[in-house]
Amino acid sequence: MSAEILSSTPDPDSAAGQRPKFLSKERARRGPYRPATLLAGAWLILITVAAGAAPLLAGHDPLTQDLAQVQVGPGGEHLLGTDSLGRDLLARLLHGSRTTLLGVAVGVGVSVSIGVPLGLYAGYLRGRVDKVASAVAEILMSLPGLIILITVLAVYPYSMIAAMVTFGVLSSAALFRIVRNVTMAVAQDLYITAAKLAGLSRRQILLRHILPRIRPTVVAQTAIVAALALVTQLGLGFLGIDTRPPHATWGGVLQDASTVIAVSSWTVVPPVVVVTLTILAFGILGDTTTSQPYRLTRARTRTGRPQAPRTTRRAPADQLLCVEHLTVVLTRGGGGSILVDDVSFGIGRGEIVGLVGESGAGKSVTSRAILGLQPTQAKVDGFIDFDGLNLLDLTDKELHHLRGRRIALVGQEPMVSLDPTIRIGAQLAEAVRAHQKVGRKESHRLARQLLTDVRISDPSAVADRYPHEISGGMAQRVCIAVALAGNPELLIADEPTTALDVTVQAEILDLLRDLQRERNMAVLLVTHDWGVVADLCDRAIVLYAGQIVEQAATERLFDHSCHPYTAALRAADPHQQQPGRRLTTIGGSVPPPGSWPPGCRFADRCVSVTEECSNAAVPLHLVAEGHITRCIHVRADDKEAHRVP
Ligand SMILES: Nc1ncnc2c1ncn2[C@@H]1O[C@H](COP(=O)(O)OP(=O)(O)OP(=O)(O)O)[C@@H](O)[C@H]1O
C-alpha cells in the first residue's frame, strides 16, 4: 500500500491557508463543472448504479461456465466476450464491481472516520493527544501494508471486509498526518483566536471554523484513499485471496485474463479499461477540489442572499463589535480594485480604538463599511458582528434602523453635516424624535439637554441659532449631540477634529473622552494624529494600503511598535518634531488600490526592506499578547525590532 503517495502533504496555502477572495460565479464554478470533472463524476455514478443493478443488467450468471465458448470476443450473446472458463465477462465485471466498490467504501469509510477527526483534534489541541496520535501514525506508516493484509487474510480467509478494514486503519495514519498539518496552519489564524475568545466550544470551532477551511484537502485525500483502496483490492484479487473463488471481483477478472493474455489479448481489455477509468475518475475528483479557489463559507454581499443565520453570537461577550475578514472591493464597473483587504479587529464595550494611517490607507472605507456606507459600486464581504447581529446580513431598512440608534457616526466636517436652513434646536429635536417616541415639546427639551451634555453653556441660545451662526468647534459639539440622540453603544468618529483649530481640537477630544466614560460607549476613532491616539485610545490599529499592519494596546504601540510603517508614521508625527529641524516625512506615498505590490505593500518605502519582503504576501503574526504585526523581520518577543526613536 502506498502510504507515501497519500502522505505527500499538500501546501496548506493551496487548500486551507489561502486568504479569502471574491469569486466570480464563473471562477467559483469552474472546478466542479469542468468537463473532466463531470465525466469523472458520471463514470463513478454509472459504475455504482451498474453495481447495484448488476443482476438486472448482466443477462448471464457470472459463475456459469460454458467450456464450448471460452475466450470468445465481443458479440451478440456475450457483449464483452467470455473468459477462460466461458463465463460472461460483462456479468463478471458487473457482479465483481459490487464486491470491489463495497471494499473501496469500507476502506475509505474506516480511513476517513479515524484519520479526519483525529487529525483535527491533534492539529488543534496539540499537546499529548498530538504526540500520542502522531507516534501511532508513524508506526502505522512504517508497517509493510501488503504483508499485514495477507496476514489478516490468513487469519480471516477470503474476508474482503477484514482486509479493507485493515487497509482503512493503515491508510488513516497518512490521512491523519495531512489533516493534522493543515489544521495546525489554519488554527494559527487570528479569527480562530477570536472564536476561542468568543467562548465558542472546541467542537464549534473545529466544525464551523476549521473543517470548512480544510475541506478541499480532506476531499482530495479521500479521493486518493479511494484510488489506493481500489488498487489494494485489485492486488488482493489478483492474488486470489480477497474472496472465495469463483466469486467475481475486478482483481479476479484481471488475474484470469492475465493467464490467457498470450492467446486472447481481448479478455484483458474490459477489466483494464474499467479499472483505469475508475482510478482516473478518483484522481480527477481529488484534483478538482484542490484546484478550486478558496470559497468563503460565510460569503455574502449586500446584494446577495444572506447565507448565515441572522443573529449568531460570534464575538466574545465583552466585545461589542467583531469585524472579521472585512474586504471591500469595487465592482468591475467601479474599477474592480480592492480598497480594504481582509481586515479583522474587535472593539470591546466602552473601549476606544484608534484606526490610524496615512491618507488613502483605507480608514474611512473600513469604518463606513461597518455602517453599510460603502462606496457605490463596491461589494463588502467578511463578517461584522455587532452585539450578536451580523450587520452584513441586514437589509437596508434594518441597517437604517440601527444607524444612529445603536451605532452613530461623527464626521470630519461639522458644518456640512448640519442643515443651514434649520435652527440647531429643531435639527436636534428631529434627531431625538427619529430615535425616541416623544412629542415635539419633549423632543425640544431633550435637544437642549443634549446640548448641555456636549458642554454647551447656553443651550437655549444655541438651539435658536442657525448653523452659520456658530463656530466650527460648536458645530462639532452639535454634531456629537446629534450622534448621541439615539444613545448609541458604538460611536464611529471619523477624524472629528481635523477641520478644527488646535485649541478646539483638544476641547472636542476631552468632550469625547468624557462622554465615552459617562455612557460607557465604545468608540472607533479614525485619525492620523498620534497625539489623539495617545490621548484617547485604549488600543490602536495601523492600516496601510487597505491592510492592518499592526495592532496593539496604545501604550505598547508607543513603547514597542514593531512595524517599520508604524515607526515611520510616528517619527513623522508633527508633535514629535524638533523646532528648527526639517520635518521628518515618509518618502513616497501609499500605493493606490489596484497598484499594491506583491509581498509587503510598504516595501518600497521601508528603511528595513530586504529582498524577501517582496517574495510573498506577508501574514499578520502575534508578537506579544494583544500585539500583532505584519513584518517578516519581526518575531515574537523581538524587543529590539524597530523601536521608535
Ligand atoms: N468610491 C471610491 N471609488 C474609488 N476609490 C475609492 C472610493 N472611495 C475610496 N476610494 C479609495 O480607497 C482608498 C482608501 O480610501 P479611504 O477614504 O478609506 O482612505 P483614508 O485612509 O480614510 O484616507 P483619508 O484620511 O484621506 O480619508 C483610497 O485610495 C481612495 O482613493
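The backbone N, Cα and C atoms fix where each Cβ goes, glycine too.
Listed in TrEMBL for this protein:
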type	residues	note
REGION	1-28	region 'Disordered'
COMPBIAS	1-11	compositional bias 'Polar residues'
TRANSMEM	36-58	transmembrane segment
DOMAIN	97-286	domain 'ABC transmembrane type-1'
TRANSMEM	101-123	transmembrane segment
TRANSMEM	135-155	transmembrane segment
TRANSMEM	161-179	transmembrane segment
TRANSMEM	218-241	transmembrane segment
TRANSMEM	261-285	transmembrane segment
DOMAIN	323-570	domain 'ABC transporter'
For the transmembrane segment (218-241), distant same-chain residues with Cβ under 8 A (at least six beyond the ends): 1-2, 5-6, 10, 15, 100, 103-104, 107-108, 111-112, 116, 145-146, 149-150, 153, 157-158, 160, 163-164, 167-168, 171, 175, 178-179, 211, 249-255, 258, 275, 278-279, 282-283, 285-287, 289-290
In contact by Cβ distance (the transmembrane segment (36-58), the transmembrane segment (261-285); 3 or more pairs under 8 Å): yes
Residues of the parent chain within Cβ reach of the transmembrane segment (101-123), under 8 Å, 6 or more residues beyond its termini: 47-48, 51, 129-130, 133-134, 160-161, 163-165, 167-169, 171-184, 187, 206, 210-211, 214, 218, 222, 225-226, 228-230, 232-233, 242, 249
Residues of the parent chain within Cβ reach of the transmembrane segment (161-179), under 8 Å, 6 or more residues beyond its termini: 1, 3, 6-7, 9-10, 103-104, 106-112, 114-116, 118-120, 122-123, 133-134, 136-138, 140-141, 143, 145, 148-149, 152-153, 155, 214, 217-218, 221-222, 225, 228-229, 232-233, 236, 242
